[in-house]
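See structure below.
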Amino acid sequence: QVTGYLDDCTCDVETIDAFNNYKLFPRLNELLESDYFRYYKVNLKKPCPFWNDNSHCGIRDCAVKPCSSNEVPDGIRSGSYKYSEEANNLAEECEEAERLGAVDGSLSEETQAAVVRWTQHDDSSDSFCEVDDIHSPDAEYVDLLLNPERYTGYKGPDAWKIWNSIYEENCFKPQTVKRPLAPGRGESFIHLAKSLGNTCVEKRAFYRLISGLHASINIHLSARYLLQDTWSEKKWGPNVTEFQQRFDEVLTRGEGPRRLKNLYFLYLIELRALSKALPFFERPGFQLYTGNKIHDAEIKTLLLEILHLAKSFPLHFDEKSFFAGNKKAAAKLKEEFRLHFKNISRIMDCVGCFKCRLWGKLQTQGLGTALKILFSENLIEKIPESGPSYGFQLTRQEIVALFNAFGRLVSDFSFSSALHMLY
């Protein structure tokens, strides 16, 4: 088990564990089981943009079962890329006008102005992720509860190639670390981690976020491992050996505990983003719209309870330490940071296992949304208490990804503790 303070933070592991396990965990689980948060629209058929390899995992557990049209609530299907009834109605009005080819004649000036603002939002350069076109015929709804993240048997050179591309080509890498990062026991990853000590806080943070994401995925795969696969039954459960190979201090030559601390760092970043986004979700006009008004109101109440709880955390990460100093240099570094992460989100379309691709895309979009929130503080502060918020927006996809990605981290700590107890 890791203990003590985290690098570049004033927070310790023990404070996070107590807050997460006793306050946040049960509430967030309830939220993620609701209709609004369990259905995620994703295009799993996009080709890999970086190399010509369209091979896919042939293992049946790699497959994802999409939803049929009647399984998804009407309110979600009718306005899939906006989050509220108000936005859904506006989107439908705009789409109808486009079909008629008479935008100028059928929309009021106020609505036309809103259309322009929505377009500007959707084309925003503040995005940290390559976002799927959810209107593509290849985009389908997936029930996340019926397609859980777990070990599918996807491993070997193809899986290694994904993480090699992420660490080697898209992390801020010191020049002393040479390519390629060869598969094996991870010596080059260890060298990379240790070489980051002399880099600036932003570049260290970027690496730690990716390392934390990698650790989160590995914990879930170790906790939900395919232990038995026969014609009569499948048995999933914890694989202690797999967990030890990735996180044991001796077997990883000291790197395992560092990976776990990076997971805590990722948790702090996403927790801070949730607390900063409270004004956006707190507006009376905001709805978690599925079409069931009573249920939607109950889920919004639960959501706000979680966000107020997030805000009450006593040792938040201070994002103001990022991109401080010379404004020109800071702006350049922020743009590099954004583009590096956007590239990582594109790499997820190269994952050969569809279930791994699903959760990889969701978790990178969730983290990208968290970064978008943290770097949009000035816009969030200007959100009006009533009426539309045009300066800062989150799509339904971003909201679902943000909370489900954070849900992975919330459950990671209990999985990790359980696996340690089985040593």
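Cβ from N, Cα, C; glycine included.
Over in TrEMBL, the protein carries these features:
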type     : residues                                       : note
DISULFID : Cys57-Cys62                                    : disulfide bond
DISULFID : Cys94-Cys129                                   : disulfide bond
BINDING  : Arg150, Thr152, Trp163, Ser211, His214, Arg246 : FAD binding site
DISULFID : Cys353-Cys356                                  : disulfide bond
ACT_SITE : Cys353                                         : active site, nucleophile
ACT_SITE : Cys356                                         : active site
Nearest to His214 (FAD binding site) by Cα distance: which of the disulfide-bonded residues Cys57, Cys129, Cys353, Cys356 is it?
Cys356
Going along the chain, which residues six or more apart from Cys356 (disulfide bond) have their CB under 8 A from its CB?
Cys57, Cys62, Thr152, Tyr154, Ala159
Work through the binding-site residues one by one (Trp163, Ser211, Arg246) and name whichever has its CA nearest to the CA of Cys353 (disulfide bond).
Trp163
So, in DSSP terms, is Cys57 (disulfide bond) helix, strand, or coil?
coil
Of the residues named as FAD binders, Arg150, Thr152, Trp163, Ser211, His214, Arg246, how far apart in Å are the Cα atoms of the most distant pair?
21
Between the Cα atoms of Ser211 (FAD binding site) and Cys129 (disulfide bond), find the distance and write it as a whole number of Å.
18
Sequence-distant neighbours of Trp163 (FAD binding site) in its chain (C-beta under 8 A, six or more apart):
His214
Just to verify: the residue among Cys57, Cys62, Cys129 with the fewest other Cβ atoms within 10 Å, which of the disulfide-bonded residues is it?
Cys62
In sequence order, which same-chain residues at least six apart have a C-beta under 8 angstroms from Arg150 (FAD binding site)?
Asp61, His220, Leu221, Ala223, Arg224, Tyr225, Leu226, Trp236, Lys355
Which of Thr152, Ser211, all binding-site residues, has a Cβ with the fewest other Cβ atoms inside 10 Å:
Thr152
Hey, how far is Arg246 (FAD binding site) from Cys129 (disulfide bond), Cα to Cα, in Å?
28
